Amino acid sequence: MESRVLLRATATVTGVPQLRRPIRAIHRQFSTAPSSSSFTACAKPMGSIGEGGNLISGRQLRPVLLLDSSPEKREILKPVRAAAAEGGDSAGETKVGFLGKYPWLVTGFFFFMWYFLNVIFNILNKKIYNYFPYPYFVSVIHLFVGVVYCLLSWSVGLPKRAPINSNILKVLIPVAVCHAIGHVTSNVSFAAVAVSFTHTIKALEPFFNASASQFLLGQPIPITLWLSLAPVVLGVAMASLTELSFNWLGFISAMISNISFTYRSIFSKKAMTDMDSTNVYAYISIIALFVCLPPAIIVEGPQLLKHGFSDAIAKVGMTKFISDLFWVGMFYHLYNQLATNTLERVAPLTHAVGNVLKRVFVIGFSIVIFGNKISTQTGIGTGIAIAGVALYSVIKAKIEEEKRQGKTA
């Protein structure tokens, strides 16, 4: 290593013959060594740090090996010493940037953007349905914009596209089909009833997850989890009985969405791959787009061609119509991607509580923005349901954490 440092200094500072003399001195000093390779192996640290020795890559050298007594040579070798010092610092310790010192700022930013994009998506999505009530087509636009975004990201290597084969495709298709059905039925509900009511019904999703785990997968659910779900069911029932925007299409669609996303969770557990979450979500979006396209053409195609597009353009204009569809698709894709990225940064308990708070934000903002009138019973029922979901999420996350600690112990 010592000889490599000195040779590098000789190659860097050209036209300075004085630098060759110390190297010859070194070879003379170690002339008894059998070869140059054994010189490196036999060299021992000489001198101490207190005596002015230099540490390079963990070895201690005598000052005479790098410095001559003349000021000129000392000045010439300053860059070499600086470079060696920098190399020693970087090898010994890694410099931590500002965000590295305060990771909670990055996590907080992820949570903020997740909430912000989700609220904006729900508000813009409902505004579109107020003048363009075609949820099947809008669902396709959501996925189409996200797929274009993924393809452009892959083209520039952000992220690098993960290869996919037939085996991975087989396990991703069931996940994507459930994702597509859940997405479309959620939008049908959003178009039919108030956003706040749809999110109240979707608070029942943990109940369906627990039921599927217990009765389909044969995984026993602790009694504490079942008890925590009781206020969820009670709250949704209370809110539904007095919801002013209630209709059966919106209610049943939201319930089908819950079932679809439950099966998506089941298939996702079986579809564990080494692929990163960004690429997995991109492939699921592509498959889901092809699943959603035929129903949209069959169910809404004739109406769209007859008067759907023309009515929307007449109400808001071509520019706003296209702009709204583009941005609602971007917000949908980005908030889902950020939700996944946030889950990777925090513990399951933190993410579960964050997901509950997100639903509270969406319900609250939708009521304020759209001026939805809700009865006292609906408000109380919504609150009870959200509290039950929070309790369930905390208990479930703690149980999972105890299981992980038991496996690692």
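From the backbone N, Cα and C atoms, a Cβ is placed for every residue, glycine too.
In TrEMBL, annotation is done automatically, which means it is predicted and not curated.
Feature annotation (TrEMBL): of 188-207, 248-267, the stretch labelled transmembrane segment is 248-267. The average pLDDT for the domain 'Sugar phosphate transporter' (106-393) in the predicted structure is 89. Sequence-distant contacts of the transmembrane segment (279-298) (same chain, six or more residues past either end, CB-CB distance under 8 Å): 136-137, 139-140, 143-144, 146-147, 150, 153-154, 159, 161-162, 164, 168, 172-173, 175-177, 179-181, 183-184, 273, 333, 336-337, 340. Looking at which of 223-242, 248-267, 318-335, 378-395 has the most CB pairs under 8 Å to the transmembrane segment (136-156), the answer is the stretch 318-335. Below 8 angstroms of C-beta separation, residues 197, 200-201, 203-204, 206-207, 210, 251, 375, 377-378, 380-389, 391-392, 395-396, 399 of the same chain, each at least six residues beyond the ends of the transmembrane segment (223-242), sit close to that stretch.
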